[in-house]
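Trainee: Taken from TrEMBL, the feature active site, acyl-thioester intermediate covers C:CYS156. Taken from TrEMBL, the feature active site, proton acceptor applies to C:HIS258. The annotation domain 'Semialdehyde dehydrogenase NAD-binding' is assigned in TrEMBL to C:8-134.
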Protein chains: 4
Amino acid sequence: MQEGSQIKVGVLGATGTVGQRFLTLLSSHPWFTIDAIGASSRSANQKYYKVVKWKQTTPIPAGVRDMIVKECLPANFSDCDIVFSGLDADVAGDIEADFRSAEMAVFSNAKNYRRDPHVPLIVPLVNPSHLAIIPQQRSLHAPPLSKGFIVTNANCSTTGYVVPLAALEKAFGPIEACMVTTMQAISGAGYPGLPSMDIIDNVVPYISGEEEKMEWETLKILGGITDSDGGLKAFDMHARHPLRVSASCNRVPVIDGHTECVSIRFAKRPPPSPQQVREALVAFTPDAQALGCPSAPRHAIVVHEEPDRPQPRLDRYYQDGSGVHVGRVRQCQVLDIKFVLLANNVSIGAATSSVINAELAVIKGVINPTAGST
Amino acid sequence: MQEGSQIKVGVLGATGTVGQRFLTLLSSHPWFTIDAIGASSRSANQKYYKVVKWKQTTPIPAGVRDMIVKECLPANFSDCDIVFSGLDADVAGDIEADFRSAEMAVFSNAKNYRRDPHVPLIVPLVNPSHLAIIPQQRSLHAPPLSKGFIVTNANCSTTGYVVPLAALEKAFGPIEACMVTTMQAISGAGYPGLPSMDIIDNVVPYISGEEEKMEWETLKILGGITDSDGGLKAFDMHARHPLRVSASCNRVPVIDGHTECVSIRFAKRPPPSPQQVREALVAFTPDAQALGCPSAPRHAIVVHEEPDRPQPRLDRYYQDGSGVHVGRVRQCQVLDIKFVLLANNVSIGAATSSVINAELAVIKGVINPTAGST
Amino acid sequence: MQEGSQIKVGVLGATGTVGQRFLTLLSSHPWFTIDAIGASSRSANQKYYKVVKWKQTTPIPAGVRDMIVKECLPANFSDCDIVFSGLDADVAGDIEADFRSAEMAVFSNAKNYRRDPHVPLIVPLVNPSHLAIIPQQRSLHAPPLSKGFIVTNANCSTTGYVVPLAALEKAFGPIEACMVTTMQAISGAGYPGLPSMDIIDNVVPYISGEEEKMEWETLKILGGITDSDGGLKAFDMHARHPLRVSASCNRVPVIDGHTECVSIRFAKRPPPSPQQVREALVAFTPDAQALGCPSAPRHAIVVHEEPDRPQPRLDRYYQDGSGVHVGRVRQCQVLDIKFVLLANNVSIGAATSSVINAELAVIKGVINPTAGST
Amino acid sequence: MQEGSQIKVGVLGATGTVGQRFLTLLSSHPWFTIDAIGASSRSANQKYYKVVKWKQTTPIPAGVRDMIVKECLPANFSDCDIVFSGLDADVAGDIEADFRSAEMAVFSNAKNYRRDPHVPLIVPLVNPSHLAIIPQQRSLHAPPLSKGFIVTNANCSTTGYVVPLAALEKAFGPIEACMVTTMQAISGAGYPGLPSMDIIDNVVPYISGEEEKMEWETLKILGGITDSDGGLKAFDMHARHPLRVSASCNRVPVIDGHTECVSIRFAKRPPPSPQQVREALVAFTPDAQALGCPSAPRHAIVVHEEPDRPQPRLDRYYQDGSGVHVGRVRQCQVLDIKFVLLANNVSIGAATSSVINAELAVIKGVINPTAGST
């Protein structure tokens, strides 16, 4: 990015939980300027502060408070090069497609396009290389696009634990089995989300669709891109070294921060020791750091030595929640190595991922801001 | 038990959390009558209600309220055939040994003798057959005992999940691997236990010594008794079919009820289907039921069909917490079968286990109440 | 009640939170038999267990599980002498009126008729004498009724604290000012009620309409019935000795049990001492007890001497939540006496009140069960 | 303060909860430099990070992590002009006296000297004028002191609500009665503080000594200083217009932030309207702001218009918790005006108060940093 240049961005679903996070992050972003915000027609044409049920612990950013909310139509965002989508899944599909067709770069937190064979599912600390699919995404669009595309980020429970998995595959080669049991924060369910009667003094051992998402998304994210028969690129779903993932997802009475107990088996025999694993995690430097993404964490993986860390209440806001935490790296009696993972589901697990993905796309030249925008 | 006969029992550690539970259970027991209660010298010789910090949701039983607390010396419990011990581990070792030496039957919730090669570690819904070691325990004592012995029950996190494991081994043969991730209630840590600052809006992914206990106790409980070289009986630690257990223990902000995500691999190939597993769990009838233990649950394993059950807040008090709950029986992508388990840690996970163990010992004739006691 | 006779009752709004409580209470009631259950047309004509999202800690009563849910039309409840209404306020008005017109006795937990000048607002431990307005309610109906009527119970936050107020007015004469600050449980908001994001680690210092309800209902409940100009009876709203009530209502992260800090000023000078107040509270025996209502608590007001009681988690389920708890009776530096009150909002604060009100109506002969019903 | 000059400060009780807050605040303070940290002899002579059980959500400040903890002896703090005391009350009395005798300025969070007739009890947004008692405190000391003195701050539950009270007395004259019911956070009890078993899903309607502190401290803080008979100055305890305070203190399951329901009666008749009260609160500018204290909040009193605010989880960290929040200003049916107050008990309610008090003392010239210190 050239010094002082600014890219105009829009936020779709701006009144929702993820939208509020986008606005909080973007209001002080060094490259991006919030130009337009969109929500449902019920909120459109009114001042933001009048229609939002603001639930953040910091006030509404001053520059956004009095902005007029627009309907989520591309014409209302014509000055934007990038739109960030915090839309609900029931409307995200059509709206995000419309914005892509209108030649905008869409960074979405919704699940709708995660399984699309031409849309990259990017955890920014793991697989920014998947941006390479975008030219194909554009060319296969009817009509072909020159600038528009969609990038999605992963489910909040997937995002965290694939970071150490990627670090360990880089250091020690393929992982062939992974068991993960999650203890997920209530904020992952949005607002109003879980009724308090269901979760105070309770655990809910089920989150609809979550285990399937984790088991599938992990393969797309940790896999590579291959050339398929027809000359097209395709996500290989970790097929060269099949990876079996078994997830058990639980909701616990924690506000922010997903804790996950992870156990893995490497293909390599003998497997690395716990100490080798710790060292590999500490040494891991994702491209997002090396390339200078302003929202990337300084420490991608914080490795804790205390026996009882990480803990969501104490560790979730470190580095504004942009990194992940690993602790209790030790041998597993059934697989090889087990550890505890913590990731802030509303930061790296959601809006922060989209923002870093956009930073990566800018750095890698996938986005070419319009002259008028800079 | 003969109609109308009563066995006099004592409670050691009567002012503690487990002791309070013993008193609550025993105050309305059809066979047992509370004859003496013991605590530390600090509380001795005072009325119970004056020294206890009562934390149960039911009042102090009327018959106990004004009882005089005694020091935990056998002479103070000379009318008792049975003592139940809710003592802390730092004093339980010596005191329980003294009561055994004084020819009393000791049913202990403490961990001190769980690894003793002559003391049975009994989950009453699983391995009452281990009472068979008691004659040897008595005969090896110096001097040999005619009536005294110690029986321990298991750690609260072990007790629950070995019940379905036992049911499945009975139906389908040996299990060879088990991964378990626990989400344990705060009451498992006693009182005062966890500081509120440490657990509200938090998960603590560590409980000192707990994983080791689960991994070891499971083998003793699910294993058999063999004849060793010197003509002595010994616990075989599931050695005929080695079983690897990997436990990850977490504390969550739940008051009562341990939830556990369990995944198992059978020796048998192909393994049973989820439906076969469900049927075997429903069909499981432990000896404690068949023999008519008054505190045994009617349903040892409640199998839930709803996708989001069991839940601690809704299910932990069913059958006064004397059974266990299993839900979400499904295939595991890494091992064979996974499910969610719930057990009430303060009931079947603690005092209720000791009481049923004592009932079993009475029924099996291991305890012969003194004439004076009945 | 004649030995063995049974009164057939119906429950309206049977799938809701209050309806579930009604069914739990009535399924083991010595006088009442559940004959019909009603809910919205969405649930009608299906088995109860299939349409209810059961949230109680005890299972669905066996006799109710397979009952067919009916639409809330009087014709579907023609065998019932009594219907208990747990309907939401948005539909309760019309439906309850229809059932009254159909000559049924309606005991409602809804707020719709609480301010009706001919409908008694009865806290069963306080003002069953207000049943005296029912003949007038019937005669003013068009056409006049012979059996139908509506009785409401009070808001959950009002119900508890008026019990000690009534006891103290009985002992020491009129109270002229009362300040009450509530800390109310989430179950008072029904289901789904409060989003968990709003109340975990939080206090919400506002409950819509609650303060107004408390300030107004208190006057109707503690006031008498006078003869007004036109020969009609009227509720006097405590007018002979004006009573000023100031309420501040808060929601706290507690599942069941409303805690309230109450301070009062008596008309009588000098006011009674804290010890006199304690004695008057202990001595209070409401008519519901004296008359033998089976659901009335043995101890209407439990007075605690410990400095830190009552506490919702420890005291709310005593006597199945049918009484109230008072603690910390002491002098107030601004008014005369202050104390802490605890009442179980889902028991005496809701369904239990309606059931005792119905028991009172039966005992007092306001309800004459049909021959066919007994 | 001269540009670039620095005052060396020490922290006593540095490993405790309040001490951790002091270190967090002071590590980035524009005027103060942490020169020495003290704790019990058990921790002395070791690196700070090795002896502290750090419970803040930000890491240990880099400059403090490896500092050697000292015993709390004045000789170990000889380079310090100021010491901040987060000592427990059982040791604070003697240690703080020793530091004063050693000519150091002591700003204490402990309760020991709050009732001392020569020690000011200062809420920095309310009564910095009470620093005027310090010359007398010094001169009455044996031997008289030239620099040493003690200033205390108030109890966490007192600190918040006296701010609006002070603002309203300034605008409308004396308040003659005040009723306050608190809902206090668990962090106010320190660490380990409340057992989790006592407060999850619960309210504890009692905090030992808290009500007496609130009722007494309020009078000292809001009162003035008079000349007594012997030519000495004395705190008048609001005696010119007697003020009756009645406090009811409760603990609720909230981590940080005390919420208080406050009702007041003015001497002035007719009293101000709610709107006049709101305007007076917004207009209130404490001296700490006007004088430029770097830690003073920009908005001393944030007045909320939304009906359901302030809420601890959403508002407690605004301005780093250095201001107070008022909402729901409305008429009281018993006194004149009632409102809801929120103050962050660990910030303005504790360490932040001491720091601003020290800033005020520097600005007012009560502290004269030694040449060597700057």
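From the backbone N, Cα and C atoms, a Cβ is placed for every residue, glycine too.
Automatic prediction, not curation, is the source of TrEMBL annotations.
How buried are the listed features, and what sits near them?
Mentor: In this structure, C:CYS156 (active site, acyl-thioester intermediate) is part of a helix by DSSP.
The C-beta environment of C:HIS258 (active site, proton acceptor), restricted to residues of the same chain at least 6 apart in sequence and closer than 8 Å, consists of C:CYS156, C:SER157, C:GLY160, C:THR182, C:MET183, C:GLN184, C:ALA185, C:GLY188, C:PRO312, C:LEU342, C:ALA343, C:ASN344, C:ASN345, C:GLY349.
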Trainee: Let's see if you can do this one: DSSP helix, strand and coil counts over the domain 'Semialdehyde dehydrogenase NAD-binding' (C:8-134), in that order.
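Mentor: Once the DSSP states are binned, the domain 'Semialdehyde dehydrogenase NAD-binding' (C:8-134) shows 42 helix, 26 strand, 59 coil.
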Trainee: Can you count the other CB atoms that lie within 10 A of the CB of C:CYS156 (active site, acyl-thioester intermediate)?
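Mentor: So the number of other Cβ atoms within 10 Å of C:CYS156 (active site, acyl-thioester intermediate) is 27.
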Trainee: In terms of DSSP three-state secondary structure, what is the assignment for C:HIS258 (active site, proton acceptor)?
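Mentor: Reduced to three states, the DSSP call for C:HIS258 (active site, proton acceptor) is strand.
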Trainee: Average the per-residue pLDDT over the domain 'Semialdehyde dehydrogenase NAD-binding' (C:8-134) and send me the rounded value.
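Mentor: Reported value for the domain 'Semialdehyde dehydrogenase NAD-binding' (C:8-134) is a mean pLDDT of 97.
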